[in-house]
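Below is one structure, written out as structure tokens; the observations come after it.
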Amino acid sequence: FVYHCAPPGMVPWHVTSGMNGAIMVLPRDGLKDHKGNDLVYDRVYYVGEQDFYVPRDADGNYRKYESHGEAYADVLEVMKTLIPSHIVFNGAVGALTGDNALKARVGEKVLILHSQANRDTRPHLIGGHGDYVWATGKFVNLPDLDQETWFIPGGAAGAAFYTFQQPGIYAYVNHNLIEA
């Protein structure tokens, strides 16, 4: 489930300012595959996808403000374009790369939770796939099987279960590649 605050007239600004997240609620008897068998994972990773709308000055440089509230009117104008200035995972460019990369060993079963509070997204694991996917995070529903890319609507959180088959670097991206 995606959560965010809901102050009157300010919900979009709060959501696109990173004031959101997700809560995973598992069934009491655990995750099940499409045949009702238990799915047991070794690791769980959370990926919060966020779009930001940062105003620019007349020279095209990103504007700086004394406070977030001072930026409010300018941010709303950028939001009206529906074109984010930044789309990031876990709050910052490069947050899940280098020393911060999500790691798993061959044979490990990993559950990846992905939320996007504002825009639709298309998670994709380059070099892998979702063995089992709950695109809207509803674990009582049967999972989709062997998904190369899955669709998570804005305002939702989904989950993908994958068993790593071989060593290597797997890139986790939004497969709307013009935004990757």
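Every residue gets a Cβ built from N, Cα and C, even glycine.
Copied over from TrEMBL:
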BINDING   His4, Cys5, His14, Met19, His175  Cu cation binding site
DOMAIN    45-177  domain 'Plastocyanin-like'
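Counting residues of the domain 'Plastocyanin-like' (45-177) by DSSP class, helix then strand then coil, yields 15 helix, 50 strand, 68 coil. Confidence for the domain 'Plastocyanin-like' (45-177), expressed as mean pLDDT, is 95. Around Cys5 (Cu cation binding site), the same-chain residues six or more apart in sequence whose CB sits under 8 Å from its CB are Val11, His14, Met19, listed in sequence order.
All protein chains shown were included, and the count of other CB atoms within 10 Å of the CB of His14 (Cu cation binding site) stands at 15. For His4 (Cu cation binding site), applying a Cβ distance below 8 Å and a minimum sequence separation of six or more within one chain yields Val11, His14, Val15, Met19, Asn20, Gly21, Ala117.
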